[in-house]
Amino acid sequence: MSTDSTPALLKSAPGVDSARTDGPAPAGPSARGPRSRSTTAYLRYAAGKLAGAAISLFAVLVTSFFLFRLIPGDPVKQMTGGRQVSTEQIAAMRREFGLDLPLWQQFTEYCGKALTGDFGTSYQFRAPVMDKISEALPATLLLTGTAFVIYTVIGIWLGARSAWRNGSFGDRFNTAFALTLYSVPSFWLGLLLIITLSVGIGPIPGIFPTGGMESGDASGFGYVLDVAHHLVLPVVTLVAVEYARTLLVMRSSLLDEMGSDYLTTARAKGLRDDLVRRRHAVPNAMLPTVTLLFVNLGNTVAGAILVETVFSWPGLGGLFYQALSVPDLPLVQALFFVFAAAVILMNTLADVIYPLLDPRVGR
Amino acid sequence: MVTRVPPRSPRPRRGVRFLLTSGAAALALAAGSVVPGNPLAPAPQEAQADDGDKTTLTVAVAQSVDSLSPFLAQRLISTSIHRLMYDYLTNYDAKDNQAIPALATEWKPSADKLTWTYTIRSDSKWSDGRKATAEDAAWTFNKMMTDEAAATSNGSFVGNFKKVTAPTPERLVIELKEPQATMAALDVPIVPRHVWEKVGDFSKFNNDQKFPVVGNGPFILTEYKVDSYVKLKANKDFWRGSPKFDEIVFRYYKDQDAAVAALRKGEVSFVAGSPSLTPAQSASLKTAENIKVNDAPGRRFYALATNPGARTKDGTRFGDGHPALLDQRVRQALFMAVDRRTIIDRVFQGHAVEGEGYIPPRFKEYFWTPSAGQKLSYDPAKAAALLDEAGYRKNGAGKRVGKDGKPLDLRILCHATDPNDKAIGKYLQEWWGDLGIGLKVNCLDNVSDPWYAGEYDLAFDGWSVNPDPDFVLSIHTCAALPAKPKESAATDNFICDKQYDELYAKQLAEYDPAKRADLVKQMESRLYDTGYMNVMAYPNAVEAYRTDQIKSITTMPSAAGNIYGQDGYWSWWSAVPAAGASSGSSDEGGSSTGVLIGIGVAVVVLAGGGLLFAMRRRSTAEDRE
């Protein structure tokens with residue numbers, strides 16, 4: 001869309017109807033004038049955003065340490081609860097986890113190590129937490145990433161169409177359908193899909209696996225198909241529940257553009273309705289959607305804990321839940337940091353990209 | 001052609017098209033056809049059917065493996081897998097839980113009760129071909145005694161060991177500090193020395209990198225994928241005989257309803273539930289075809305614990321337990337106002353047995369019931385009289401007040417994750433309310449903090465009991481009390497009773513099984529009378545399996561018992577495949593129909609897409625006019 005959308009973006013700037021050389025320098029030819037100045041301005045803007053992100057990351061690092069120590073419950077008590085353990089064993093575990101040290105000492109050690117990327121060893125799994133995270137990350141990215149792509153495409157597409165035909169039966173049906181799915185609890189929808197499409201009911205045969213990411217006995221291309229087969233129901237669940245948000249944002253921002261003069265101009269030129277929508281209206285309405293898109297993208301890392309649980313997907317959501325229930329401090333800290341970092345990075349990326357999409361931003 | 005452009009005058013056909021588009025999208029979503037490749041995917045599982053006649057037993061599990069190292073593992077799933085991978089010195093008879101030979105064929109104490117000699121069998125081989133010997137056992141115990149990290153999971157078993165040696169490959173000698181009657185119940189996996197002595201840091205070695213893992217149990221661990229599956233193949237050379245199934249797979253279903261769905265479908269052969277299937281699940285499975293629900297007597301007790309006044313070993317008091325509970329009459333009155341029958345019928349919906357003594361009836365040897373005179377039967381009138389006698393009389397408002405004039409208001413700790421706790425809490429509020437006692441049900445995700453701090457009046461309590469009852473008895477001794485206030489300790493409920501302790505010491509030194517059982521029953525009787533810990537119910541273990549995949553399977557106790565989490569490997573070792581259970585059947589049934597339907601869905605979607613595209617082309621063509 002890049003080549004196509006640029007002119008549309010330039011045309012956009014609703015409210016800024018003439019190309020003034022000073023002032024908030026909207027768009028159009030004027031932006032081309034003081035190119036070097038605007039490049040420096042952009043770099044300064046980007047650097048500011050990046051510095052902000054770095055500060056946020058550090059704040060997250062510190063927060064993650066203290067936040068999870070507020071959770072009631074002693075990891076050692078929780079892990080040994082209901083088991084045959086001696087007092088010596090409990091003391092040994094405390095020593096091993098460093099829980100016998102004063103808090104400030106635990107904190108400095110944590111920070112020092114975390115800065116080098118070492119988040120310590122999981123209490124319950126006795127493995128480096130980064131290993132546990134990288135073990136579960138691909139599964140999560142596969143699930144939420146696939147769902148993200150699909151619900152973004154569907155959401156934007158249906159949203160644009162709904163807005164364009166707003167008030168029509170199609171619009172109302174579409175919005176109502178999306179909102180209905182949006183308000184359905186994902187685990188419930190997941191279970192319904194399992195009962196109907198995995199187990200099968202009446203004439204509907206069960207064609208999808210009930211859970212997990214793989215059967216465990218396929219290899220090569222068969223493995224890819226096997227995983228794809230397991231991926232269908234969880235992705236459908238996620239898409240069904242999530243696409244409404246993109247749809248609604250897209251719909252309302254396109255509605256804002258609907259009365260704009262530049263659309264009348266475009267129509268006056270004799271452009272086909274579809275083209276007016278695709279080339280002129282949609283690109284201008286994309287900004288809020290892009291924001292949402294990046295927020296969603298940042299959240300994909302955190303996984304979808306309910307859907308992962310219902311479909312027994314071996315991802316980060318489930319790992320986070322297990323870590324919290326102990327609480328497995330090194331693991332929750334690292335996961336919290338990774339989740340927050342993903343959101344921060346994506347937001348920063350969005351901030352950095354905005355001025356390229358809309359020259360009004362960042363001046 | 002201006003008239004055509006304004007969007008505000010959509011022609012009906014466009015509306016229809018838009019509706020079609022939305023409908024198609026909705027359909028695509030609902031039909032699950034948005035991801036390419038799915039119609040073909042059942043194929044890989046189907047392909048496995050050509051692998052010969054491999055029989056696979058698939059077990060649905062939910063709990064993640066904490067570690068596959070027997071030195072670190074603490075969770076039931078992991079220790080159950082270790083039972084299959086490694087032989088222990090002894091095992092428990094499936095019939096009656098008696099200790100029977102395993103890696104050791106015989107064990108004998110010395111006259112002074114301080115030395116135990118085990119004869120190690122000569123026909124147990126490690127899966128890499130080497131012989132399993134007494135040296136492996138001695139090395140395993142010595143490692144746990146000398147390396148703190150290696151003592152993580154089973155250290156309590158060697159706490160009383162002075163010295164462990166293997167004078168010959170067939171003889172293991174354990175010297176004790178004090179006499180210990182539990183020497184035929186050492187639930188410690190014996191590992192091959194030649195493999196494990198190469199391990200550097202035991203605190204970080206999880207035994208999950210190199211497969212197959214060398215073992216000498218009935219199954220050999222061949223593959224493990226975190227939170228996806230654990231696979232073990234039958235050990236054809238196992239000395240007790242090869243298992244009947246060729247392979248056992250523990251497959252992950254994190255959601256119990258999904259696991260039940262997988263059982264219905266035949267994707268798994270067995271579902272245990274954690275800790276049990278719900279009454280609703282078992283009711284729905286009972287009517288299902290080819291599924292047998294095993295409503296087994298459980299190994300847990302479910303009790304009402306009262307805070308006896310939390311204190312440390314040296315007698316320092318802490319916590320804030322209600323002083324009224326220090327009176328035995330109040331504790332007994334509270335329990336007498338609990339209608340155990342209603343709890344079994346309404347809360348457990350029949351899937352439990354009414355509580356009597358501390359140890360559940362499935363452990364016959366140690367099961368004790370109160371005599372007619374001592375039984376605290378459900379009797380609200382008698383409970384009221386006891387409270388009157390203790391000085392807690394009803395005031396004008398119907399509330400019981402103490403001598404200080406304060407109303408008797410109690411709190412009970414409840415596990416927020418356990419629906420039974422919450423339901424019974426409601427009943428207790430009603431029953432005790434009738435007596436004039438107020439009750440606050442305090443449901444928490446994490447009860448351990450207030451519990452260890454002694455900040456509770458009553459609590460819902462429960463333990464899983466082993467064939468040897470020593471551990472569940474030990475947690476009520478004075479020795480188990482914490483050294484410092486609020487410190488975690490082995491104690492369950494801060495009970496410290498001299499008479500109980502004396503009996504405990506006696507049973508631990510009593511090597512005659514019958515005499516020891518008698519002492520244990522006396523302890524149960526004492527515990528019952530104190531009213532610190534009264535059992536309301538023994539919940540059943542409700543589990544289910546497919547009879548078209550498993551023809552027969554041994555429960556423990558064999559007359560009526562559970563399948564998952566046995567004190568032995570009997571269930572999986574003994575399971576006989578049903579005629580139709582040969583490979584693939586444990587996976588999808590009707591995959592070929594699945595493929596056809598999948599292809600059908602794909603065709604419909606493609607056709608729909610094509611139609612849309614064609615309509616679009618037509619309108620474009622019109623625009624071009």
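Each residue, glycine too, has its Cβ placed from N, Cα and C.
What TrEMBL records for A:1-36 is region 'Disordered'.
The compositional bias 'Low complexity' annotation in TrEMBL covers A:23-36.
Per TrEMBL, transmembrane segment is recorded for A:50-71 (among others).
Marked as transmembrane segment by TrEMBL: A:136-158 (among others).
Annotation comment: TrEMBL describes A:137-350 as domain 'ABC transmembrane type-1'.
Here TrEMBL flags A:179-201 (among others) as transmembrane segment.
Taken from TrEMBL, the feature transmembrane segment applies to A:221-241 (among others).
The transmembrane segment feature in TrEMBL is assigned to A:285-311 (among others). A Cβ distance under 8 Å defines the sequence-distant neighbours of the transmembrane segment (A:285-311), meaning residues of its chain 6+ beyond its ends; these are 5, 137, 140-141, 143-145, 147-148, 152, 156, 159-160, 163, 185-187, 190-191, 194, 211-212, 230, 233-234, 237-238, 242, 245-246, 249-250, 252-254, 256-257, 317-318, 320-321, 338-339, 342-347, 349-350, 353-354, 357-358.
Remote same-chain residues near the transmembrane segment (A:331-357) are listed as 9, 42, 45-46, 49-50, 52-53, 56-57, 60-61, 63-65, 67-68, 110, 114, 119-120, 122-125, 129-130, 132-133, 286-287, 290-291, 294-295, 297-302, 316, 319-320, 323-324, 363 (criterion: CB distance under 8 Å, separation of at least six residues from the stretch ends). Residues or ranges marked as transmembrane segment by TrEMBL: A:331-357 (among others).
Beyond the transmembrane segment (A:50-71), the same-chain residues lying 6 or more positions past its ends with a Cβ under 8 Å from any Cβ of the stretch are 103, 106-107, 110-111, 114, 324, 327, 329, 332-334, 336-337, 340-341, 344-345, 347-348, 352. Remote same-chain partners of the transmembrane segment (A:221-241), defined as residues 6 or more beyond its termini with a Cβ less than 8 Å from a stretch Cβ, comprise 142-144, 146-147, 150-151, 154, 181-182, 184, 186, 189-190, 193-194, 197-198, 208-209, 211-215, 304, 307-308, 310-311, 313.
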